């Protein structure tokens, strides 16, 4: 049985993330979506909110587990007995950082492979940062996130005194 880990902040989880989950879950026996605490990134949504959102969007995949983690990815990979780390590459600009991380992970986890996946064409330009910015400025994010995520974004932006839907 091959277990893979797909780590990320998922702030928020986008259609691009779900696209990679759908495709990776068809390759591996188990795909663990690791929602990183990432306090240093100052996430828009709390860890608990991001876990709830991920479970709402991904809960229908029978071989996908959503879990949070803090600390080093290598420890999360080991705890889950994963043999593969799945990473998404949207553009060439992602490659340098992801290449460096893959090298470090190979050093820390010599028996674990990193697999890069590109999103489907219609999702290559989507990022959580851009989606948050559009939502905070009152724009339509419905093509980039699922309806439940759009609702979370609207409620959060409104609670922060931003545009109402």
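Cβ atoms are placed via backbone N, Cα and C, with glycine included.
Computed from a predicted structure; not experimentally measured.
Taking a C-beta cut-off of under 8 Å and a sequence gap of six or more, residue 128 (ATP binding site) has these contacts in its own chain: 9, 10, 11, 12, 13, 14. As annotated by Swiss-Prot, ATP binding site applies to 9, 10, 17, 88, 89, 90, 98, 123, 124, 125, 126, 127, 128, 129, with the evidence given as sequence analysis.
Following the DSSP three-state reduction, the secondary structure of residue 9 (ATP binding site) is coil. Taken from Swiss-Prot, the feature substrate binding site covers 9, 41, 73, 87, and the record attributes it to sequence analysis.
Here Swiss-Prot flags 17 as site 'Transition state stabilizer', drawing on sequence analysis. When secondary structure is read from DSSP and collapsed to three states, residue 17 (ATP binding site) falls in the helix class.
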Other CB atoms, at most 10 A from the CB of residue 87 (substrate binding site):
20
Roughly how many Å separate the Cα of residue 41 (substrate binding site) from that of residue 124 (ATP binding site), to the nearest whole number?
22
Spatial neighbours, same chain, of residue 89 (ATP binding site) - Cβ under 8 Å, 6+ residues apart:
95, 98, 116, 117, 118
Rounded to an integer, what is the Cα-Cα distance in Å between residue 126 (ATP binding site) and residue 87 (substrate binding site)?
15
Sort out the sequence-distant neighbours of residue 17 (ATP binding site) for me: same chain, 6+ apart, CB within less than 8 Å of its CB, listed by position.
8, 10, 88
Rounded to whole angstrom, what's the largest C-alpha distance between any two of 9, 41, 73, 87, listed as binding substrate?
18
